[in-house]
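Enquirer: This is the structure I want to talk about, given as structure tokens.
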Amino acid sequence: MLVINNTNVQPLTFFLTGIPGLIAAQVWISIPFCLLYLVALSGNSMILFVVIRERCLHEPMYYFLFMLSVTDLSLSLCTLSTTLGVFWFEAREISLNACISQMFFLHGFTFMESGVLLAMAFDRFVAICDPLRYTTILTNARIAQIGMSMVIRNVAVMLPVVLFVKRLSFCGSMILSHSYCYHVDLIQLSCTDNRINSILGLFALFSTTGFDCPCILLSYVLIIRSVLSIASSERQQKAFNTCISHISAVAIFYIPLISLSLVHRYGHSAPPLVHTIMANVFLLIPPVLNPIIYSVKTKQIRKAIMKTLIQKQLQI
């Protein structure tokens, strides 16, 4: 069997996959994908614009929402070219270096989103459980430190992952399961021992999302306990309403992520279409729904967006 090591002069080429079994209809299938990307890009750009522009939104909660929109926007952009390239132009070829680069940013921004959701949970915890110290705990300097720590964590866990992928050799099939590069998908094509890569991937997953998710759950246990101690039912409802948007964002991020990881590691007998659907749900649903949820459920964001749109209409 021919073994191709990635240290050879000739670069390795992999082949991305669109929708298995529906190749003839991919141009039509690309239309909803294109619309979803358009919604994700425009929605998150609008959130960024109004948070920067409106001084009333210069508060910790909206700074974290700004970070979430930056992450969602980056997630969409890092896969946009390959996904639409496969659907529109059958541009399926991708080099190993390009694949590793995309994988680094894809997983890095995924872990970044997990960290932002944890920071938002901490924000809600302080706001509800210790409101008198809210402004002294979540200062601008501390928010900046939280953002930098998330970036440093993601780079630290992803660098070993991508460096060890460079050491793998590949043989046989070079066909990836998705229209973008996913770590588990890539290392499964290796014909050499990939146990270290699998361990590093699991370590990266558990040290980021595996740490963040229990902390988010713990924060909500403490929030619920604090809210239930409030005598007034009206104040209880008001406190819970401030968390609805964040709880929705956590659900639409973690449920597809966990499902995709389980399908890749244990669902080998599942049809290829299942893998593709799960991968695209994981990729597109959070960036599409997060700006919609926060625009609908957060009064200040909704008012800022309406104000911006009305001003643009008046200028026209």
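Including glycine, each Cβ sits where the backbone N, Cα and C put it.
From TrEMBL, for reference:
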DOMAIN    43-294  domain 'G-protein coupled receptors family 1 profile'
TRANSMEM  12-29  transmembrane segment
TRANSMEM  35-52  transmembrane segment
TRANSMEM  64-88  transmembrane segment
TRANSMEM  100-122  transmembrane segment
TRANSMEM  143-165  transmembrane segment
TRANSMEM  199-223  transmembrane segment
TRANSMEM  244-267  transmembrane segment
TRANSMEM  273-296  transmembrane segment
Enquirer: Is the transmembrane segment (100-122) close to the transmembrane segment (244-267), in the sense of at least 3 CB pairs under 8 angstroms with a sequence gap of 6 or more?
Expert: yes
Enquirer: Quick one: find which recorded stretch in 35-52, 64-88, 100-122, 143-165, 199-223 has the most Cβ pairs under 8 Å with the transmembrane segment (273-296).
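Expert: It is 35-52 that shares the most Cβ pairs under 8 Å with the transmembrane segment (273-296).
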Enquirer: For the transmembrane segment (143-165), which partner among 35-52, 64-88, 100-122, 199-223 gives the most CB pairs under 8 Å?
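Expert: The stretch I would name here is 100-122.
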Enquirer: For the transmembrane segment (199-223), find every same-chain residue at least 6 residues outside the stretch whose CB is under 8 Å from a CB in it, and list them.
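Expert: Those are 107, 110-111, 114-115, 117-118, 121-122, 124-125, 128-129, 153-154, 157-158, 160-161, 164, 183-184, 187, 239, 243, 247, 250, 254, 257, 261, in sequence order.
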Enquirer: Please give the sequence-distant neighbours of the transmembrane segment (64-88): residues at least 6 beyond its ends with Cβ less than 8 Å from one of its Cβ atoms.
Expert: 16-18, 26-27, 29-30, 33-34, 37, 40-41, 44-45, 47-48, 51-52, 94, 102, 105-106, 109-110, 112-113, 116-117, 119-120, 123, 143, 147, 179-181, 249, 283-284, 286-287, 290-291, 294, 298, 301
Enquirer: Pop the mean pLDDT for the domain 'G-protein coupled receptors family 1 profile' (43-294) in here, whole number is fine.
Expert: 90
Enquirer: Could you tell me what the rest of the chain brings near the transmembrane segment (35-52), counting residues at least six beyond its ends with Cβ under 8 Å?
Expert: 58, 62-63, 65-66, 69-70, 72-73, 76-77, 80, 83-84, 284, 287-288, 290-292, 294-295, 301, 304-305, 308
Enquirer: List, by number or range, the same-chain residues at least 6 past the transmembrane segment (100-122) whose CB is under 8 A from its CB atoms?
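Expert: Distant contacts of the transmembrane segment (100-122): 61, 64-65, 67-68, 71-72, 74-75, 78-79, 82, 94, 146, 150-151, 153-155, 157-158, 161-162, 165-166, 180-183, 186, 204, 208-209, 212-213, 215-216, 219-220, 246, 249-250, 253-254, 257, 286.
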